[in-house]
Amino acid sequence: MSKQDEQANRLKTRLGFKWHNPTLLIQALTHSSCVHENRGHGLCHNQRLEFLGDAVLELIISEHLYKMFPDRTEGELTKMRASSVCEPSLAKVARGLDLGRCLRMGRGEERSGGRERPSILADAFEALLGAIYLDQGLEISRHFVLNCLSSIIDDVVAGRLDRDYKTELQEILQQSSPDPLTYTIMDESGPDHDKTFTAGVIYKGKVIGKGSGHSKKEAEQQAAKDAFQHLEGMGKSGHKSAGPIR
């Protein structure tokens, strides 16, 4: 038995329920790099489960915040949800579950520090949630999420977490114009197991901020931060006349 299988068994025990389809857990803990390095072995990576888990997570947290804070506005709830389920928050939870040591991944990804990469850990948490939802249903999924994220939500409410610049930037610019913000990946560099993405945030046809990161989400957040800080420098972060800044 591999070290990853041993860790997965410990995780299974820690979760505290009997899996109806244990292959879902295996899939949730299989990174795409493992599949790419072992073609022909019938392995399935966790990206589809991540897609599902992302939606389940948003539903559970949205409902929880809606019930927990009946006096908060839609904008406030959106901001709280974004901070609760952002990449750093989910990576922190994944570390608490020791998901990094459970993951099956390719040698190249592992050598480059993939087991500790926030984007991989956050994606693994969402994939695990997707697997739990398919195997156990919504109620157990809700219990799992709220148990894992309760301290994160407390930190969000108390203002102890990093700011969500994407949400803040959108709120500022929409005060003066309904024009949407869009994000685009402008560049990718590095090998498949250690990519760096450069994102741009576009407003009224102009790139108003750029940022880089080891995941698309991180790059977009950095691009939003760049634009937001530029707005602050122009004295517009609390002003209703914000517009294109570059």
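Just so you know, glycine gets a Cβ as well, placed from its N, Cα and C.
Marked as active site by Swiss-Prot on the basis of sequence analysis: Asp54, Glu126. Swiss-Prot lists Glu50, Asp123, Glu126 with the feature Mg(2+) binding site, giving sequence analysis as the kind of evidence. As annotated by Swiss-Prot, domain 'RNase III' applies to 8-137, with the evidence given as sequence analysis. Per Swiss-Prot, the feature domain 'DRBM' maps to 164-233. What Swiss-Prot lists as region 'Disordered' is 212-246.
Of the listed recorded positions, namely Glu50, Asp123, Glu126, the sparsest Cβ surroundings within 10 Å are found at Glu50. Of all Cβ atoms in the protein chains displayed, 19 besides its own lie within 10 Å of the Cβ of Asp54 (active site). Secondary structure counts, DSSP: the domain 'DRBM' (164-233) has 30 helix, 25 strand, 15 coil. A separation of roughly 5 Å, to the nearest angstrom, links the Cα atoms of Glu126 (active site) and Glu50 (Mg(2+) binding site). For the domain 'RNase III' (8-137), the number of residues in each DSSP class (helix H, G, I; strand E, B; coil) is 95 helix, 2 strand, 33 coil. Highlighted in sequence order, Asn46, Gln47, Leu49, Phe51, Gly53, Asp54, Ala122, Ala124, Phe125, Ala127, Gly130 have their Cβ within 8 Å of the centre of the Cβ atoms of Glu50, Asp123, Glu126, the residues recorded for Mg(2+), and are not part of that set.
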